[in-house]
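Taken from TrEMBL as is:
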type	residues	note
DOMAIN	12-457	domain 'Major facilitator superfamily (MFS) profile'
TRANSMEM	56-73	transmembrane segment
TRANSMEM	85-104	transmembrane segment
TRANSMEM	110-131	transmembrane segment
TRANSMEM	143-161	transmembrane segment
TRANSMEM	167-187	transmembrane segment
TRANSMEM	267-289	transmembrane segment
TRANSMEM	301-325	transmembrane segment
TRANSMEM	332-353	transmembrane segment
TRANSMEM	365-390	transmembrane segment
TRANSMEM	402-423	transmembrane segment
TRANSMEM	435-453	transmembrane segment
Amino acid sequence: MKKNQWITPFKKQCFVTAGVCLNMASHGLVMGFSAILVPQLQQPDSPIPVDYSTGSWIASIPGFALVVGNFIVPTIMAKYGRRTANLISIAPMITGWFNILLARNVSALLIARFNQGIAMGMSASLGPVLIGEYTSPNNRGAFLTSISLTIATGVLAVHTMGSYLSWQTTALVCAFIAFVDLLIVIYSPESPSWLADQGRYDECRKVFRWLRSEEEEEELERMIEAAIVVRESKADVNLSESFLNKVKRNVSHFCSTIMKREFYRPIFIMMHIYTLGQWAGANILAAYTVDIFTAVIGEDINIPLLIITLDAQRIISNAAAIFVIKKIKRRTMLFSTVTLNLFAFISTAAYTYCKGRGLLPFDHPVIGIALIHIHMFTIATGTVPLPFIIAGELFPLEFRSLAGGISVLFLSTNLFIAVKTFSLLLKSIGIHGAYLIYAGVVAYCLVIAGFFLPETKDRTLQEIEDEFRGRPLTVEELKSTQSLTSWKLRSQDRRCSSPVV
């Protein structure tokens, strides 16, 4: 009895969240690994010689492969469950690390990084969904923020190891971390929301009560009641209709779905939030840390020490964000951190431009170091954690897998473009020109968020959905709404309104 009292629902939520977050930490390990892999491969005694262009492909190809993972995971999430999808996403990550460990040529490295990108694409869509369904509403924001904390920890870990170990040894340690994550996920339960959707109500109650406190029993019953309504509406569909009629019905249903305000508005917002998050510079600082320090400060510095210090600051800022996010509204935090991010971009661009042309009346490495740390602070506290937090709160549960997959497509596309083109921009227009382009993209996305992003802090998912819809659902709409089961691309806990004409 004492043991059960000690293992509180909060600690259980921490355990299952750890399985998700360690998977998300692989994002930091993969993106940060290129910052130590490419420089080592460019050494004269490298077993796999690479040039500047090949190095940019090694760094950026996970962003391209993210698209594949985005398309794979919604079907697995809906048909086989969230936990199963999480397990499957770990497999290509482990395979990728061992492929890197055994690589003897560039092609093998690219294939390994592509596999890791697939895993990243799957976990990017899956992570916020799982945490949102596992955790209590009052702790949801903090748990979602822990995603960015583990990503930052992954970057620090791989940069630190790579500063003192070979890239082969570093890959072996990263593979071990992924294996530990696999063990945690194996012993984690399935999402209660998915169990309810599958009609497995007894299992749903058992898992929900294991994860949550007694005060949240009302949420459990409402979730099951909603799932029952949908399953009954599905049973009323004429299953004997012809294949052609089924196709027509599904196409018609999909067309009506994409016209719903609560479907396309969150996607439109998240397209820009994810774009903002990628062009704010998180993956650039992780993948091209050495190049940025050299371009901003110079070569006569202890770069490994500066990299470790920067990554440590990122972790501290991420940890602080977990507590701050519980106090400050989402919009306030987004606008304050992104505005500071724009300041860091523009100030660094002006500093490097003037420094390169001898226009500075006074110069010292501390100035460049401070600008890079300010930039990292804005990333760690805002542009990395907030997209995951907002994604976990913005989408209606009925369309979460489908809408999340569509919007995360913009995350992967922008990640690939930003990382792949950075080296080209650095060589052609300098870091000041690259940073001004980044600032322009971020500023545009911030304006869009200012007009369309609602405040989500301390609001239920149903309240957020009703705001997008413009009104609450009527009883008739709730009973008559068909599910998206035929598309195998969603989690059905709540219903959606009729489309907007």
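Don't overthink the numbers, they just go from 1 along the chain as shown.
In case you wondered, yes, glycine gets a Cβ from its N, Cα and C as well.
Note that TrEMBL annotation is computational and uncurated.
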Which of 143-161, 365-390, 435-453 contacts the transmembrane segment (167-187) most, counting Cβ pairs under 8 Å: 143-161
Touch test for the transmembrane segment (110-131) and the transmembrane segment (402-423), at least 3 Cβ pairs under 8 Å: yes
Touch test for the transmembrane segment (301-325) and the transmembrane segment (56-73), at least 3 Cβ pairs under 8 Å: no
Leading stretch by Cβ pairs under 8 Å, where the reference is the transmembrane segment (365-390) and the options are 143-161, 267-289, 402-423: 267-289
Beyond the flanks of the transmembrane segment (143-161) by at least 6 residues, Cβ under 8 Å: 13, 17, 20-22, 24-29, 31-33, 35-36, 127-128, 131-132, 134-135, 169-170, 173-174, 177, 286, 289, 307-308, 311-312, 314-315, 317-319, 321-322, 325, 380, 384-385, 388-389, 392-393
Overall pLDDT for the domain 'Major facilitator superfamily (MFS) profile' (12-457), taken as the rounded mean: 84
Stretch with greatest number of CB pairs under 8 Å, the transmembrane segment (267-289) reference, 56-73, 402-423, 435-453 candidates: 402-423
